[in-house]
Amino acid sequence: IPSVSNIVPESCLLIVVGLLVGGLIKGVGQKPPILKSDIFFLFLLPPIILDAGYFLPLRQFTENLGTILIFAVVGTLWNAFFLGGLMYAVCQLGGPGLNHISLLANLLFGSIISAVDPVAVLAVFEEIHINELLHILVFGESLLNDAVTVVLYHLFEEFANFEQVTIIDIILGFLSFFVVSLGGVFVGVIYGVIAAFTSRFTSHIRVIEPLFVFLYSYMAYLSAELFHLSGIMALIASGVVMRPYVEANISHKSHTTIKYFLKMWSSVSETLIFIFLGVSTVAGHHYWNWTFVISTLLFCLIARVLGVLVLTWFINKFRIVKLTPKDQFIIAYGGLRGAIAFSLCYLLDYKHFGMRDMFLTAIITVIFFTVFVQGMTIRPLVDLLAVKKKQETKRSINEEIHTQFLDHLLTGIEDICGHYGHHHWKDKLNRFNKKYVKKCLIAGERSKEPQLIAFYHKMEMKQAIELVESGGIGKIPSAVSTVSIQNINPKTLPVERILPALSKDKEEEIRKILRNNLQKTRQRLRSYNRHTLVADPYEEAWNQMLLRRQKARQLEQKMNNYLTVPAHKLDSPTMSRARIGSDPLAYEPKADSENLPIITIDPASPQSPESVDLMNEEPKGCGGLPPSPEEDEEGLVMRVKEPSSPGTDDVFTPGTGDSPSNQRMLRCLSDPGPRPEPEEGEPFIPKGQ
């Protein structure tokens, strides 16, 4: 009934089914079965965690790892101690039925109820299709807070047996957190590497390939639980480590088997967990205390909201993509509790914790409230707040190329800045992986295959399978490459991997271009470091050339400043002759004007202003020195041009002003420059006394 499942999450419906089944069993006089903790932790929980870890979106997870760890570790610790402390205060004030509960018992209860449950989060968040960032933040927190929960649970359980807790016990308990979390990751990595190495030799027995994935993952979980380490961390680590190498070694059929068997197994476990929660609610022994139950529910919500607000305020100081108030609301609202808290409480010993039934009742109430109320209202709230949904897009070669390009670019920028961010360490890890790890764990030529080519093969295989499933085998478009055609017909598959139907030279050329431009950028530039810069042999020559250009530019600027005649309105030849004829004394040479440029004008011939010649052009300004103030005030001296002797040609006979340097000076004089305009009433050419 899709209309019901759109309103009520599947987990809520399963709990209702469990309640009905438990009531039916009890109604016929039988005792309903109770979800035992051993069954839950050994058989029902591992498939869900393995499915989540094996198909974990690694890129989003690593990019937000700091935020996830802060929420998972600091947030869970805050919830546990805040809730435990307040519940102890409630117990002291709550009357005779509660004041016998000790502080340690309340802290243990707080550590059980504070952790966000991965099963409940998966069940609700996958239905509302929230965006990748919020999904990985809440789901990553629910996975990684297992280490904190396990440490606090065992710690307070042990402290309850002690007569006196010393400072050394508290310090050892703090150190045990690192042992439990890092020990679980270490166990998972070891089993992941063993699984990847084993899959290298399974090419002749493809049938049992999926078995190794399940076997080694389960062994990692059991080994971690054996030493009281975090089994969930071990499962996640083993799944993340083994997946890229196992998928490169196993066949496509084995990959499909692993994918669907994990999905089916986790779905069955999830269904059984929620049904058993409902059945156990009917069958279990309960002790209802209004004060304790309502206080627990209220303080759970307050602690979650306060923790998210304070931690997000701190995290946003360091994040590039800030978490908005809408995101904070969804993170706080998505802190669902589930069967892990129920099973941990069920494990408590009656000898040391006589109030176990009251704890169970409070925990079931919180689980039901978070799963039913928050789980049912989160979808309408996401729509109401217009929170970004997940975009279902198919990855393309173009996107893969640009993603790799941006990764290399950001790594290079971090290298140049000397800032070792996560791109730098990610690149170091990738290079180590390609150089050493892949050769040991991946069989054949696939260990040397570039990431882009491998992604291309995966895309082609997916396209071919979609074509076969859609029944479009007879309508294959021309754009489909020969790889898809070959993969559609499995009978023609040889033992080795099928490559595009290109000539060997062409194929090698394509690989070389892609490899050089997309894979080995850092190797080509690895000598460039801000600490060890290699000397450039052409650097000195470039510097000399730049200095020469700068000097030439300065010289030209000085010449423009000192030798440019200000722009003025040119007179007609008739007016020029009339001015010179009316006052010839103004243009007579002065006694101290040997070094001034002398312009001669023939007053008799109506020549254009372009016929003005420069006779003496050695002003002091041309040598790069500014003229003296006296010369600057006197201006230019003009002389009447002497008539040429008979038999000489005015045009073709070179005069004293026809040398190249004189022509350059003439260009300087004819160019109006930045010299200020003469003031009103000041003569353009001062008269001689």
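Heads up, the Cβ atoms here are built off N, Cα and C, so glycines get one too.
Remember, TrEMBL labels are computer predictions, not curated facts.
What TrEMBL says about this protein:
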- 504-531: coiled coil (COILED)
- 8-382: domain 'Cation/H+ exchanger transmembrane' (DOMAIN)
- 480-564: domain 'Sodium/hydrogen exchanger regulatory region' (DOMAIN)
- 600-689: region 'Disordered' (REGION)
- 6-25: transmembrane segment (TRANSMEM)
- 37-56: transmembrane segment (TRANSMEM)
- 68-91: transmembrane segment (TRANSMEM)
- 103-124: transmembrane segment (TRANSMEM)
- 136-156: transmembrane segment (TRANSMEM)
- 168-198: transmembrane segment (TRANSMEM)
- 218-241: transmembrane segment (TRANSMEM)
- 262-284: transmembrane segment (TRANSMEM)
- 290-316: transmembrane segment (TRANSMEM)
- 328-347: transmembrane segment (TRANSMEM)
- 359-382: transmembrane segment (TRANSMEM)
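359-382 is the stretch from 37-56, 168-198, 262-284, 359-382 with the greatest number of Cβ pairs below 8 Å to the transmembrane segment (328-347). Panel annotation: around the transmembrane segment (6-25), residues 31-32, 120, 123-124, 127, 270-271, 274-283, 368, 371-372, 375-376 of the same chain, lying at least six beyond its termini, place a Cβ under 8 Å from a Cβ of the stretch. Within its own chain, the transmembrane segment (290-316) has Cβ neighbours under 8 Å at 66-67, 70-71, 74-75, 78-79, 82-83, 86-87, 90-91, 94-95, 98, 109, 113-114, 322-323, 327-328, 331-332, 335, 337, 358, 361-362, 365-366, 369, counting only residues six or more beyond its boundaries.
Using the rule of three or more Cβ pairs under 8 Å, pairs at least 6 apart in sequence, the transmembrane segment (68-91) is in contact with the transmembrane segment (103-124). A Cβ distance under 8 Å defines the sequence-distant neighbours of the transmembrane segment (218-241), meaning residues of its chain 6+ beyond its ends; these are 41-42, 45-46, 49-50, 52-56, 58, 118, 143-144, 146-147, 150, 154, 179-181, 183-193, 195-196. With a threshold of 8 Å between CB atoms, the same-chain residues lying at least 6 positions outside the transmembrane segment (37-56) that come near it are 118-119, 122, 139, 143, 213-214, 217-218, 221-222, 225, 231-232, 235-240, 242-243, 258-259, 262-263, 265-266, 268-270, 272-273, 276, 339-340, 343-344, 346-347. Per-residue pLDDT, averaged across the domain 'Sodium/hydrogen exchanger regulatory region' (480-564), gives 63.
Long-range contacts of the transmembrane segment (359-382) within its own chain (CB-CB distance under 8 A, at least 6 residues past either end) are made by residues 7-9, 11-12, 15, 109, 112-113, 120, 123-124, 127-128, 130, 277, 281, 284-289, 292-293, 296-297, 300, 329-330, 333-339, 341-342, 345-346, 348, 353, 389.
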